[in-house]
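As recorded in TrEMBL:
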- 316: active site, nucleophile (ACT_SITE)
- 179, 180, 181, 182, 183, 184, 185, 210, 237, 263: S-adenosyl-L-methionine binding site (BINDING)
- 1-11: compositional bias 'Basic residues' (COMPBIAS)
- 436-456: compositional bias 'Polar residues' (COMPBIAS)
- 702-717: compositional bias 'Basic and acidic residues' (COMPBIAS)
- 729-742: compositional bias 'Basic and acidic residues' (COMPBIAS)
- 770-779: compositional bias 'Polar residues' (COMPBIAS)
- 61-425: domain 'SAM-dependent MTase RsmB/NOP-type' (DOMAIN)
- 1-31: region 'Disordered' (REGION)
- 430-497: region 'Disordered' (REGION)
- 702-779: region 'Disordered' (REGION)
């Protein structure tokens, strides 16, 4: 913000305070907007009539809705690291909050959610305003912000943590998240896949989908923080998401998922405590308009579910039109193929209400309808037969709708939520004859995956239709299907979603190009790092077909299978984790590629050379000093480095069980060995995270860094113009291109993004050579 803008804003604030007198400060916090009245007569009339709130609890229910939602956080990451963060929170930051008062009000200590496993989820009544305003809480606030940025903590609403827990995910499960953005539930699923940190490539995977192209990039940002090779983000309409195919022993088969998360778009009246706009905008019309879409998405989900698989349907709405009505319609047309799972014994400690079996439909003008036959013809476009409860008692009893879960805000100080867990016992009636698939593999050269977004015509059908032989029997079946469809339309029964053309939006994505078996690029890498023979090199890919390969990414074998066999069907936004980055002049050190921190935990089990085991004191030096000389490290580390050639290295810390007060989770860092120095390439927030876990006070250091940021940027810009030993800059990912690169058209220079919090290494002994190189570049 410029000086003039700041002055103008200050004048506006002063004028507002003068106008409003003593209330000026409060108006400033409210952002100058009039306060929304938390009243909605239609809302109260509707839910009172439906009786979803137990007798005698209505006032408590409404009072809870008018209170702000408590802040909740979930500790993310894999188990050993999550346990260390939990230990740090409980024994340091929470203790500092004890007996603390802010503006005369005693601060409440955060409490763990009783139903979330292993105390990894917490809630607090501290509002964002108090956290930002109070100097006493600044350290705790800075901790939350920094750990959130590097993905170790997620600020996730308590009730939204429930659906992934009820999926019962195992590491071998194939999972589809149908409406995944912004990605907090997807992150939970990825964590469950990697329950065992010693297995770099679980057999399962997560395909995270969202219809909104822009929100897909938010989803990528969330998923990337967990650095998993088993996640793929795609961009499709969930109601017509295509059937994918996989290669099994040389033949192509349809991919069915073991677990599906179906968290559908909804009216959101369970979020009134957080989204206060809902108070004035709420009307029953929202639910009536969304019901059809929700049913189509859920139907598409169960079609793609494997037999014996589990699908969780959830909304942040309390309305039975969006909840029980969708589930009842799905169960009815499944003809016994689906059943509601009894999850009453799961998540002990979670207070829940059973699903309801009777409800009515109301228009926004307050008119009620109890049955479909009562709806006048001019209203039958707004109200559909699937919105009403089943009237036959036996059929209704067999559905077990009481097995659904409804979370009410006043029971455990949360938002409102609905969850239903479905199990698939047999194929859906309209899918009894499993679709055949074309046995011909898609044309590709050198395992290049050109996704649907890149093809000139991305108008493939997104639902698989059985390829029927041209005979009388198939024609009869087709005629029968058509007549059934027409009959369903007349009766108002929703069948399978019709085949739709795929619509493509957003940016054109780069292709995914897998490295060929005989690619000469890989041999020096394999030799330099002494990679294990079991290393799956076929899973390495790049994002460019021509020119130099700048980054190498890695996916699991299963994700590779999906990518190669569905290139024309889906728009892939992102997949794979970066494992190697090219050095501009790294070949003189024996290998043109250095290790990347985000993929080091996946790579480490396969690397047998260039590993240096360091003690806890060495780790502190690496993370606190920008360019430490070798003489500062322990004698053991100096001995190991002495006979090792310059270049990229792995720095490994193993915890000592005999010293429980020290850090008890393993750390693997990427580093670089220079002529006289040794340093780590770690992102700034990740560096601060490890220091916190080791008990190093980083709050003052972080503030000092922020104050000197401009000075450091100037130094980095100056030194980026000078060639440095073996360093490369990831310009495509970070958008950083130096002036010299633009002028000369050569490779980007030298500052690694992983060390953005550190200054570039001084090389006083090479100044003469550097100046000569710079002159050569300019000439």
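One is the number of the first residue shown, and numbering goes on along the chain from there.
From the backbone N, Cα and C atoms, a Cβ is placed for every residue, glycine too.
Note that TrEMBL annotation is computational and uncurated.
A 10 Å cutoff on Cβ-Cβ distances gives residue 181 (S-adenosyl-L-methionine binding site) a total of 22 other Cβ atoms nearby, all chains included.
Of the listed recorded positions, namely 179, 316, the sparsest CB environment within 10 A is found at 179. For residue 237 (S-adenosyl-L-methionine binding site), other Cβ atoms within 10 Å of its Cβ number 20. Largest Cα-Cα distance over the residues recorded as binding S-adenosyl-L-methionine, namely 179, 180, 181, 182, 183, 184, 185, 210, 237, 263, equals 20 Å. A separation of roughly 20 Å, to the nearest angstrom, links the Cα atoms of residue 237 (S-adenosyl-L-methionine binding site) and residue 316 (active site, nucleophile). Here residue 316 (active site, nucleophile) is positioned 13 angstrom away from residue 179 (S-adenosyl-L-methionine binding site), judged by their C-alpha atoms. The separation of residue 316 (active site, nucleophile) from residue 181 (S-adenosyl-L-methionine binding site), Cα to Cα, is 14 Å.
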